[in-house]
Amino acid sequence: MSAIASSIPELPRRRDSEESLLLDSTISVAEGDTTNTDIEGDRDDTFIRTQTRDKGRNLSSRSKIFGVELSPDNVAVAMVYFVQGVLGLARLAVSFYLKDDLHLDPAETAVITGLSSLPWLVKPLYGFISDSVPLFGYRRRSYLVLSGLLGAFSWSLMAGFVDSKYSAATCILLGSLSVAFSDVVVDSMVVERARGESQSVSGSLQSLCWGSSAFGGIVSSYFSGSLVDLYGVRFVFGVTALLPLLTSAVAVLVNEQRVVRPASGKKENITVIIPGFLQTSKQNMVQLWGAIKQPNVFLPTLFIFLWQATPHSDSAMFYFTTNKLGFTPEFLGRVKLVTSIASLLGVGLYNGFLKTVPLRKIFLVTTIFGSGLGMTQVLLVTGFNRQLGISDEWFAIGDSLILTVLSQASFMPVLVLAARLCPEGMEATLFATLMSISNGGSVLGGLMGAGLTQAFGITKDSFGNLSTLIILCNLSSLLPLPLLGLLPRDSPDTVPTKEDADIEMKSN
């Protein structure tokens, strides 16, 4: 893990439902492609129909980004993804608020960060709720509005009223819930719009989503540190409170048919909705468990969980770099910007060189190299880098850059593996569940790291055992390697699928 980038508490990566829905999208697109193959003989007819359809579309909107027309519906989708990316604006502010305003120790900060990730562990539940319980006649609009209002409410409390670690943890948890729920809703909208479209149109829509989220992340990385330096954390929380309102505002642009129910009274409607939701959820859970308990799904999932559930020293390193080395919020924001770009390089590394490498080999090599490179944090803690003539700032940037590229490249096989484990018919739900399990392992690793930080006596002012903690955490990442046999044995010449390509594009 990077000495700087990884030390900043953040929500779980948005890979779970994004990739699951993308996988679902590509499967439905593939079904459409079969139909196109059947009519391939009559190309003149196809050309005329295509031209007529395109003209009709151009009448509605001529502006395009990534090949996607900027219809109100697509603008709404892009804006929700942008908001999810730009909400990282408050990440540094939260870290400094817990450290400087609430005077929490690294272990307490790690616990709060881990608890704030809990809403991301039950994302399939949000999909069940959105699909089965329409609010005010809508399954998408209403939940986007509520998610935006919940996010604005939580960050407004952070800006003006929160003054204890318990209230801060509650507000951060609510903010995380709002992002996770809106994430599920907007991903379902992407699936709905991708069905029946050509692969090029589906890929363009996914590129628009990915580009919007990545742009929001880069913008937030650039300004997150400087705004904390200039105006303080409360100001950043106040600005962040305005961002979720964009999600609520663009919900009116969503093209969704109102769900019409028989006018038989509110009480009767409730008695119909609740049993229907419970019955649907029960059926989905039975089907989901039936898929997970299969050995070819359960065993690789167990490996992914254990691979993620190793302790890390992120919070302790954040306190060390700020309290001991004196890194400012502005500098940490620049480091975050560098690591955001480095994540893209990691995706490119996997896409260009590692696609056809067997999964077991990728996990083995990246885990060993990651553990070894993670030890470089010891050089920063002991000050040995200065004896080599490398300043703390440049060493931290280089360390973060290299480790982020490797971390991103090593996580890509997790996404591809989870995609391949999903049986036909329940791709989206099972993928989201698998990635929630992966996030659960990451949360457990963070809590274990908090326990070790406390056990080693590392506080906001005492870092005597930090080197030992770093070494132990990096060595622990090697523990799952004997279980590599749980993974499927892939051929080195495996041909990358369309699903894999879409996952790579959206993984950041």
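First residue shown is number 1, and so on along the chain.
For all residues, glycine too, the Cβ spot is worked out from N, Cα and C.
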91-107, 108-124, 295-311 - the range that TrEMBL marks as transmembrane segment: 295-311
Annotated transmembrane segment segment (source TrEMBL; candidates 211-230, 271-290, 331-350): 331-350
The transmembrane segment (430-451) vs the transmembrane segment (362-382): 3 or more CB pairs under 8 Å: no
Surrounding residues of the transmembrane segment (463-487) on its own chain - C-beta under 8 Å, 6+ positions past either end: 1, 299-300, 302-303, 306-307, 310-313, 316-317, 319-320, 324, 359-360, 363-364, 367-368, 370-372, 374-375, 377-378, 381-382, 417, 449, 452-453, 456-457
Positions whose Cβ lies under 8 angstroms from the transmembrane segment (295-311), at least six residues beyond its ends: 363, 367, 414, 417-418, 421, 423, 430, 434, 437-442, 444-446, 448-449, 451-452, 472-473, 476-477, 479-480, 483-484, 486-488
